[in-house]
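Since the structure comes first, as structure tokens, the remarks are kept for the end.
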Amino acid sequence: MPEGPEIRRAADKLEAAIKGEPLTNVWFAFPQLQPYQTQLTGQRVTHIATRGKALLTHFSGGLTLYSHNQLYGVWRVVDAGVEPQSNRVLRVRLQTASKAILLYSASDIDILTAEQVANHPFLLRVGPDVLDMTLTAEQVKARLLSAKFRNRQFSGLLLDQAFLAGLGNYLRVEILWQVGLSGKRKAAELSDSQLDALAHALLDIPRLSYRTRGLVDDNKHHGALFRFKVFHRDGERCERCGGIIEKTTLSSRPFYWCPGCQH
């Protein structure tokens, strides 16, 4: 499953294709959205924001297209007027004079006003996004120590989008390896220096993954700058302590860690 860095890179590609250009054709499959087709034609996409796995496509007239890919949704960039052959069902088409972005198969799609965005049930549930560059380590540390999260085991907390949006399994295990913590630890147990290190890693590792354009299934995920230290490396030696990396299951997901140096 894609995590925050992959979702943000997908949004970047969509932005690069149509941002700032007048929309010449807007099409929605769902009847309740079709009244917006004429209204949005001629407007521009100002930017595309991400909140976890949700994309918010903002239009110059003030409306926002909310879409969540869930399990099957996928965006494509094509030349204007092109209709690719696909077994998927087309849900959204936003086209400019030169390019079009197409959303297939997703079912969680809506057009929202600014007030509706602020009160959307999913967006109210998710925490701040780790790729929001205004989010600071100090704010993350405060969330770690909050009554809501301080007594949660990290194995589950780091998968909970209500804590921080954009984290997933590979980020979970890499972050915990980086700071030498096991998945069963809790923020309430940590020293101040451990909390500082964790708060920084929760932002630094996702942002490095995003910047370096890595691939999830490639061991050299972060190119020359960063390699997976534990993810999909069970049975190999830990580069920090020489122990053997193990694979177990925590919070119903595969969990990779080094018992020798993660405590």
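Along the chain as shown, the residues are counted starting at 1.
Keep in mind that glycine also has a Cβ here, set from the backbone N, Cα and C atoms.
Under the heading active site, schiff-base intermediate with DNA, Swiss-Prot lists Pro2, citing sequence analysis as support. Per Swiss-Prot, active site, proton donor is recorded for Glu3, Lys53, Arg253. Taken from Swiss-Prot, the feature DNA binding site applies to Gln70, Arg125, Asn169. Taken from Swiss-Prot, the feature zinc finger applies to 229-263.
Feature annotations (Swiss-Prot) mapped to structure.
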| residue | record | Cβ contacts under 8 Å, 6 or more apart |
| --- | --- | --- |
| Gln70 | DNA binding site | Lys53, Ala106, Ser107, Asp108 |
| Arg125 | DNA binding site | Gln161, Ala162 |
| Arg253 | active site, proton donor | Leu159, Asn169, Arg172 |
For Glu3 (active site, proton donor), the number of other Cβ atoms found within 10 Å of its own Cβ:
21
Counting across all protein chains present, how many other Cβ atoms fall within 10 Å of the Cβ of Asn169 (DNA binding site)?
19
DSSP-wise, what's the residue breakdown of the zinc finger (229-263) into helix, strand and coil?
0 helix, 12 strand, 23 coil
Taking the Cβ of Lys53 (active site, proton donor) as the centre, count every other Cβ atom within 10 Å, in any protein chain shown.
23
Tell me the coarse DSSP state (helix, strand, coil) of Glu3 (active site, proton donor).
coil
Three states by DSSP: which one describes Asn169 (DNA binding site)?
helix
Most distant Cα pair in Å, residues Gln70, Arg125, Asn169 binding DNA:
19
